[in-house]
Amino acid sequence: MSRPLVVDSVAALRAQIRDWRRDGVSLAMVPTMGALHDGHISLIRIALEKADRCVVSIFVNPTQFAPSEDLDKYPRQLGRDLDRLAEAGAQLAFTPGVAQMYPAGFATKISVGGPAAGLESDFRPTFFDGVATVVAKLFLQASPDCAVFGEKDYQQLCVVRQLCSDLDLPVDIIGAPTIRDAHGLAMSSRNAYLGETELAVARQLNAILRRTAAALAAGADEGSATAEASRALVEAGFEQVDYVAARESLTLAPWRRDRDGRLLAAAWLGKTRLIDNVEVPSA
Ligand code: AMP
């Protein structure tokens with residue numbers, strides 16, 4: 001179990017990758033914000049099935065946080081993360097500082113339409129600009145052959161696919177299934193914010209979504225089923241439901257029964273915002 005090489009500058013990242021490329025190796029990338037858990041590790045395992053080497057970026061990207069959000073208290077634990085990368089077999093960790101990614105005078109923003117509209121964007125209007133900009137930078141810095149993103153952040157996965165398609169970024173985007181705890185709660189770095197009582201409530205989110213998806217697949221009316229799911233979330237103990245919505249799974253256009261769908265939700269528990277999503281099989 002060897003520790004990954006750690007680089008924190010774009011120049012050192014490119015030098016290492018250039019060396020590997022000279023030997024003809026293929027490269028997969030897993031972008032993360034650190035505080036690594038089993039969900040992240042599963043992405044690295046998939047990356048290493050697809051390519052010879054895996055580079056994991058660890059960067060808490062300030063441009064995807066609104067001023068009111070948790071940028072300052074987002075968990076940072078680099079030493080532990082590097083141990084986890086060693087266990088998972090990732091060969092390279094890219095850990096840039098904010099000044100490396102956004103030097104003084106930085107003035108560019110990438111804004112994706114299509115799947116970025118609605119859902120998260122209704123509540124976090126600057127979020128996907130931040131994500132698209134940092135992902136485009138990471139891809140141009142590392143030039144991986146492929147990159148693995150979790151379905152946990154389903155809209156983000158769709159936005160990254162759109163970004164690569166629209167900008168002809170030659171990176172194959174691989175979606176990876178959501179890793180959950182034994183009670184169905186999707187693993188998330190933000191789960192660290194939850195106390196015991198909140199955790200018990202959080203664990204009901206996935207069950208409510210699965211129940212609602214099954215009702216939709218069985219013919220339930222979309223508006224009534226999603227309204228009922230919001231009610232069930234509040235009854236379970238969520239304080240505020242941002243959305244529960246069914247969408248067409250590839251484009252996130254309005255849901256149609258004859259196409260594969262996705263049921264997506266975001267809800268608040270205290271100061272913690274949780275998201276999750278499940279499949280809605282086509283009729
Ligand atoms: P983050 O560090 O939260 O920005 O997430 C980095 C990557 O890990 C993203 O592609 C996420 O979708 C993915 N991810 C986060 N949680 C999970 C999970 N529970 N299962 C699978 N992938 C995940």
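Each residue, glycine too, has its Cβ placed from N, Cα and C.
Marked as ATP binding site by TrEMBL: 33-40, 150-153, Ile179, 187-190. Neighbour count (other Cβ atoms within 10 Å of the Cβ, all protein chains): 20 for Glu151 (ATP binding site).
Residues or ranges marked as active site, proton donor in TrEMBL: His40. The Cβ of His40 (active site, proton donor) lies under 8 Å from the Cβ of Val30, Thr32, Val56, Arg84, each of these being in the same chain and 6 or more residues away along the sequence.
Annotated beta-alanine binding site per TrEMBL: Gln64, in sequence order. Annotation for Gln64 (beta-alanine binding site): same-chain Cβ neighbours under 8 Å, separated by at least 6 residues, are Thr126, Phe127, Phe128, Asp129, Gly130, Val131, Val134.
Gln64 (beta-alanine binding site) falls within a helical segment according to DSSP. Annotated (R)-pantoate binding site per TrEMBL: Gln64, Gln156, in sequence order.
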Practice task
State the Cα to Cα distance, in Å, between Leu36 (ATP binding site) and Gln156 ((R)-pantoate binding site), rounded to an integer.
Solution key: 18
Handout entry: Where the C-beta lies under 6 angstroms from ligand 1, the matching recorded positions among Leu36, His40, Gln64, Glu151
Key = His40
Handout entry: binding-site residues compared (Gln156, Ser189) - highest count of Cβ atoms within 10 Å
Key = Gln156
Problem - Close in space, distant in sequence - Gly39 (ATP binding site), Cβ under 8 Å, 6 or more apart - result: Gly150, Lys152, Thr178, Ile179, Ala186, Met187, Ser188
Completion exercise
Here the 10 Å Cβ neighbour count for Leu36 (ATP binding site) comes out at 28
